[in-house]
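Undergrad: Feature list, courtesy of Swiss-Prot:
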- 55-120: disulfide bond (DISULFID)
- 163-211: disulfide bond (DISULFID)
- 264-311: disulfide bond (DISULFID)
- 355-404: disulfide bond (DISULFID)
- 27-136: domain 'Ig-like 1' (DOMAIN)
- 142-228: domain 'Ig-like 2' (DOMAIN)
- 241-329: domain 'Ig-like 3' (DOMAIN)
- 334-420: domain 'Ig-like 4' (DOMAIN)
- 430-524: domain 'Fibronectin type-III 1' (DOMAIN)
- 526-622: domain 'Fibronectin type-III 2' (DOMAIN)
- 631-742: domain 'Fibronectin type-III 3' (DOMAIN)
- 751-844: domain 'Fibronectin type-III 4' (DOMAIN)
- 849-944: domain 'Fibronectin type-III 5' (DOMAIN)
- 88: N-linked glycosylation site (CARBOHYD)
- 251: N-linked glycosylation site (CARBOHYD)
- 669-688: region 'Disordered' (REGION)
- 1-22: signal peptide (SIGNAL)
- 978-1252: topological domain 'Cytoplasmic' (TOPO_DOM)
- 957-977: transmembrane segment (TRANSMEM)
């Protein structure tokens, strides 16, 4: 039941909306009253219907009209079979019996003469009032312009059918399924714009659908379209589909009170959520309802509903979304907010009517006097944008009704007010016998006779004059004393018609105006010379062409022209005269390749005016004429105030030219005075601007941004593939700017003010402006010029016309700066473009993938990528996306995704399998979202070599052998010490480090005391690129093992350094592990170690070696110490997994391990800071457990933070850490994430002994 009520409610709502628009068919006969009110009225006549138009202007006219006249489309109404004038002044109209598409010619004629715009004039004693317009249309219904289309929709999806047709009145759209009206269900949504939406599609919805349009004229059926329902998930196109807006809202303009539907249908898998917001952030009005699930319905649109509405569709459980925006513009018909008031004025006084109107867009105002449009003249002025009407020197002819009519695109409104002219008794009559006699081209003598009645009461006269022709003429007046009846008027324009009249004044008031006197001022010599154009059709001729002078410069009728010419450097000048109706002359029998000077002057009946400036031209040479084009013919230039319009005709043999070159320059004051600068025949002088290259088909070009009243020279040459041709030259002045002190004609409108551009989307920009703050003309529309910023190609500039004060410009490129300029247009005149406003469109997803993707294998597990940015990024690239897989048939979400920053253009992908084919594709992402991926590219990784395939067991064997050799070496050293009992221990050495205790030592060759020793055990932490250094030389590639009193430990720093030392039995328990330590710097002998103990560089097994050495030492330490070996035995093992990673200790020395002579007490320095390892782990834990600085100076011990054993994640390389930017390329290198060290492998502690 609720569903049925919803369907009926929509039909009732549609009926009410049509009633509000005045588009419902009328009953059999209806009366429509026409008055001075809002309009126009729209009357639609259906079949067999009639209407009576009643001219009800009695209230306005202060009584019933004495006479009513009707007009149709501005002409007098003629009666016919379907139109009759009734005795009461009303008009009866009926619709013809035949339809519009009938074959009866008579019916078609009656149909055409019936439709039109009807208005009436009501005549009364006070004046005439014009009614509003009634537009009469006959009901029609056109064929469908859009038929529904068949479609396949999955279950629970959304189906949408659409049809379009036009008719009067607007047809009601219904839908049928299998030729039966669709049931009234909430799932079936019928929109007024001819759309049927079927939500949650079911199997029962399958069938044939058609659209039915019905109005008072007829009923029409559309073509049928089938709906096929498929199983959910069976359509591959919709499986996992991203969110897409299937039906987006459209920009809509409606009149206030009409309904509007903002439709939005989205599709995705799963079904998306749809929401609406206003772009300006304001809340959506509460009277806006949701029709169906995703559509907005505004039943009665008001100006407050205007704005941009954004539909957003979100895919559930994802961040994918799509948006669509549309502007709703609600127009408001004009309404008179301040009507003019009735006035009563005495003769010769001033009347002022004020009218104000509101509406959207802002209405334009014009005035009627007794039903006739009022044209401003000298006495009647329209001010304030049409809102004020001022009438001076009121006469009886000015009495009547004045109507203020406001008009915009939504309708009209009017208000009327009468003007009564009061004539007092005893006023003088009008002056008589007014005459105007021309004295010269600029002066007229006006005379009159005194009035016949009450002449003795006259205290003075007023003389009024204005131009007799043209519109918007300014009226001038002079006050004249009573003692004279004539006046000489000066400063008139030559060859111009003027109208004069006189008014007499007494103490009681003014008389009527006298009869006008017309006069034509005398001719004068022309105030300027025609502007010349010179060209040579052959070597011995010069064609001279000019344009006729305008009437403002000719000062009369031009009767003749005089052309003077001669060689450039000779005094002899020839002249010839031609009639005034000629505009060109050919000078014959001239010398080839010579410079001639030419000038022209125009003559009227008063004589010749000033001649033009000398203009020089070189005739072509007689040789090599086959390749040199002649000058263009008939070069004409029409001068404007700030531009020159250049037009021409092709030269002889136009097929031989490739185009034209146009030059122009401003002639300086000195040049203008002497005019002796030779122009040259083929471009041998410098020009301010040019050349502008034009195609051969172009025959007109306008030079803009010129200075008014300046002398310019223009040169046009034709060129071909060989060279430039001969020039056609013109010299003349632009029009002068109007002088503010003199009476001027109304100038062009000013550019709009407050031009503002606002980005609307990635492809559209809103441009808004306001009417000029001051203008003397009525602005009818505007032109918007726009193009990409900094554009030099004029063919890419676009122009739009707008009647309002804003426009939405679409079809733009994303993330592109555009420049805009707006121009105002008056009636028959165009204003200049205003200042340029710049604005960029919003960014969007990239339209193209990264370009020039190149792949190259580096190692069996590494591939390097190089690419270039997308050709159409549509914004700033913030991230590049790399997808790769060894199986290109896998779904895209199963590929490995790597990301890198937007300013990097190369990368390395690690962790790949050797000798495997990988497929790569790349995409780019802006802040809006990702763009498309590139096409697939494949690469095969390298095969593993022998060194690459060396297994861990072989490496382990090598390391075990090295360790065993090291243990044997130490055992031999201990045995040798026991057999050397005859040697005496050095005083001052003991296990406790106190002087006087005996000690044993091996002979060792002391190294340079000034070079520090560096002994490191590298961890698996990858060296940072900035810590890289080249491998040491052979001399530096050695380590030393010193005697019992080991040398100092170097101050090598780095997070990857590890150090190990051990002593005889009773060695300490190893305590903890450290990321690295900074040990005291010292000097002294270094322990030596043979190179055989060093593992191969780059084996990557340092951590395993560390564990093996540690286990061997630990097992040796379990033996019970011998009393004979109580002295400290110390050695350091140096193992580098990569010598190139050692940066702090580049000067390592490797010395042979052979017996040396024992050191004496005198040669061996006393120890300082030597540690007895027999004290066990307690001492070591006490000294190193905190890893905090305990001393200062040379014996400090500083540990770096224990960070190597902690896990590390590189968030900037998520979701995979297998990528490293290649150093040395455009990518900036990044430090790789250090690998985690297993806690099950112990780390060797560090012992320190220093000999100061």
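Every residue gets a Cβ built from N, Cα and C, even glycine.
Neighbours and distances for these, please.
TA: For residue 120 (disulfide bond), the same-chain residues 6+ apart in sequence whose C-beta sits under 8 angstroms from its C-beta are 34, 53, 55, 57, 68, 69, 70, 71, 89, 91, 130, 131.
Using a 10 Å Cβ-Cβ cutoff, residue 211 (disulfide bond) registers 28 neighbours. Following the DSSP three-state reduction, the secondary structure of residue 211 (disulfide bond) is strand.
On its own chain, residue 264 (disulfide bond) has 245, 247, 248, 249, 274, 276, 294, 295, 296, 311, 313, 324 as residues at least 6 apart in sequence with a Cβ closer than 8 Å to its own Cβ.
Around residue 404 (disulfide bond), taking its Cβ as the centre, 26 other Cβ atoms fall within 10 Å, counting all chains.
Look at the domain 'Ig-like 3' (241-329): DSSP puts its residues at 3 helix, 44 strand, 42 coil.
Here the domain 'Ig-like 4' (334-420) has, by DSSP, the following mix of helix, strand and coil residues: 6 helix, 53 strand, 28 coil.
Summarised by DSSP class, the composition of the domain 'Fibronectin type-III 2' (526-622) is 4 helix, 43 strand, 50 coil.
Summarised by DSSP class, the composition of the domain 'Fibronectin type-III 3' (631-742) is 9 helix, 51 strand, 52 coil.
The average pLDDT computed over the domain 'Fibronectin type-III 4' (751-844) stands at 84.
In the three-state DSSP classification, residue 88 (N-linked glycosylation site) falls within coil. The Cβ of residue 88 (N-linked glycosylation site) lies under 8 Å from the Cβ of no residue that sits 6+ residues away along the same chain.
Under a cutoff of 8 A between CB atoms, and with a sequence separation of 6+ in the same chain, the neighbours of residue 251 (N-linked glycosylation site) are 326, 327, 328, 329, 808.
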Undergrad: Roughly how many Å lie between the Cα atoms of residue 211 (disulfide bond) and residue 404 (disulfide bond), rounded to a whole value?
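TA: Answer for this pair: 46 Å between alpha carbons.
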Undergrad: Which listed range (27-136, 430-524, 631-742) shows the maximal number of Cβ pairs under 8 Å with respect to the domain 'Ig-like 2' (142-228)?
TA: 27-136
Undergrad: Using a 10 Å cut-off, grab the number of neighbouring Cβ atoms around the Cβ of residue 55 (disulfide bond), all chains included.
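TA: Within a 10 Å radius of the Cβ of residue 55 (disulfide bond) lie 24 other Cβ atoms.
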Undergrad: Per DSSP, to which secondary structure element type does residue 120 (disulfide bond) belong, with helix, strand and coil as the options?
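TA: Assignment for residue 120 (disulfide bond) reads strand.
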Undergrad: Let me check the 10 A CB neighbour count of residue 163 (disulfide bond). How many other CB atoms are there?
TA: 26
Undergrad: Tell me the coarse DSSP state (helix, strand, coil) of residue 163 (disulfide bond).
TA: coil
Undergrad: Across the domain 'Ig-like 2' (142-228), what are the DSSP residue counts per state (helix, strand, coil)?
TA: 3 helix, 43 strand, 41 coil
Undergrad: Sequence gap of 6 or more, C-beta under 8 Å: which same-chain residues meet both conditions with respect to residue 355 (disulfide bond)?
TA: 336, 338, 339, 340, 365, 386, 387, 388, 389, 404, 406, 415
